Amino acid sequence: MSNYVERVIELCKQKNPGEIEFHQTVEEVLTSLAPVCEKHPEYEEAALLERLTEPERGVTFRVVWVDDAGKVQVNKGYRYQFNSAIGPYKGGLRFAPNVYPGIIKFLGFEQIFKNSLTGLPIGGGKGGSDFDPNGKSDAEVMRFCQAFMTELYRHIGPNTDVPAGDLGVGAREIGYLFGQYKRIVDRYEGVLTGKGIPYGGLLGRAEATGFGIVWYAEEMLKANGEDIKGKDVVISGFGNVAWGAAWKLQQLGANLIAFSGPDGYIYDPDGINTDEKVDFLLELRASGKNICSPYAEKFPNAKFTAGKKPWGVHQDFGANVDLFIPCAMQNDVHMEDAKNIVESGCKFYCEGANMPTTNDALVYLMDKMIAVGPSKAANAGGVACSCIEMGQNAGHTVFQHEDVYAQLHQIIKNIYSACAKAGETYFGNKNALVQGANIAGFERVAEAMMAQGLV
Ligand code: GLU
């Protein structure tokens with residue numbers, strides 16, 4: 001690793017003490033940028049990496065609201081505006097009890113490269129709160145969202161910063177946030193994406209992230225002479241991302257055999273590939289209840305394993321797996337899981353969630369698999385469609401499903417090609433997609449930052 005890269009990683013750790021998720025992504029990304037920085041000594045002179053790892057702006061604010069029992073509640077709110085070199089800040093809001101600056105900065109930093117890879121004009125940002133929507137009434141969620149937006153509105157705008165959803169922020173939350181923004185500024189504008197279809201949302205946005213992941217995996221397989229049709233696939237989670245992925249896998253004739261939820265995981269040797277099964281899961285998810293154990297009760301061939309993730313489905317049931325797609329959350333796959341995955345004989349691994357793999361596990365998988373797809377490339381379909389939604393709103397128009405899917409599919413193919421090309425150029429390996437994604441995402445932002453001077 002170059003001295004410059006090492007120095008900036010250390011500096012970032014010192015300047016952001018205790019923010020381990022942020023350190024993790026900075027270390028992972030910057031390590032792969034070493035050959036680019038060696039080729040461009042002017043980047044060090046311009047302190048490019050130091051600037052890249054320091055958000056342009058970050059706000060932390062108090063969110064005060066009253067729960068249904070009349071008790072006053074106080075949460076923390078955040079928005080980190082990381083990089084606007086190639087467009088307005090863009091990235092979701094996460095509402096979860098474990099949210100703190102380390103999580104928001106990790107997500108915001110990843111978003112810079114992800115958004116750049118889409119080829120669209122969007123910078124990187126992320127925000128959120130330590131508020132937990134689980135177990136809250138609709139009225140409580142609304143009061144929280146209104147209080148949150150009452151501060152956030154002054155920092156965002158359709159050409160400044162455009163938030164969207166992430167964990168804990170779905171259609172309901174976006175609706176309440178949008179309503180409050182509009183009430184305050186008295187303008188109808190596309191300040192949030194992931195909106196409901198009747199009020200400016202984009203057809204196809206809900207499934208875009210999952211569709212994109214599967215299309216990306218399809219490209220990975222194709223480049224190595226394999227067809228996704230008929231492949232046995234394991235995913236983790238069953239949130240928005242996993243749901244879209246399950247749907248596209250079904251369309252492409254792949255065989256989804258396992259998924260997970262908070263209560264454990266399901267192995268269904270018959271495949272989770274009928275509308276009845278997927279609809280049942282969606283119903284369970286909407287009810288806020290556990291999803292795995294009721295699934296096993298309804299479909300008796302399915303096996304439920306309590307308290308475990310699906311990475312050992314080969315060891316537990318002798319299942320064949322051709323492709324693993326972690327779709328739940330960060331650091332879902334640790335070293336021992338990676339060993340199980342490799343031991344299963346599976347050769348392809350495509351990240352769905354943001355940073356679902358610990359750095360040591362990722363290095364191990366990259367060494368043992370034919371190809372590993374990185375999340376910032378594979379899951380970029382969500383934010384790409386968000387940008388299309390921004391265009392739809394700015395143009396006061398409505399795009400059709402087919403157009404959105406066609407654009408999304410092309411964007412994902414372009415992203416895959418950019419990653420493979422950078423892998424080939426810098427590492428002589430078209431399957432070096434993890435490094436390739438970091439490099440391809442970085443190159444565009446670096447060029448823009450250099451052109452714009454010391455800002
Ligand atoms: N939270 C999503 C992501 O991780 C979507 C961001 C957006 O649409 O702005 O990319």
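Cβ atoms here come from the backbone N, Cα and C positions, even for glycine.
Where the annotation comes from TrEMBL, it is an automatic prediction and has not been curated.
G165 is the residue from G165, G168, G170, G175 that TrEMBL records in the substrate site together with K90, Q111, K114, S386. Excluding K90, Q111, K114, G165, S386 themselves, the residues of that chain whose CB lies within 8 A of the CB mean position for the substrate site are, in sequence, G91, G92, N115, I122, G124, K126, A164, T193, G382, V383. Highlighted here are the recorded positions (K126, D166, T209, S386) whose C-beta falls below 6 Å from ligand 1: D166, S386, in sequence order. Among the record's substrate binders, K90, Q111, K114, G165, S386, no two C-alpha atoms are more than 16 Å apart, and one pair sits at exactly that spread.
The Cβ of K114 (substrate binding site) has 28 other Cβ atoms within 10 Å, all protein chains considered. In the three-state DSSP classification, G165 (substrate binding site) falls within coil.
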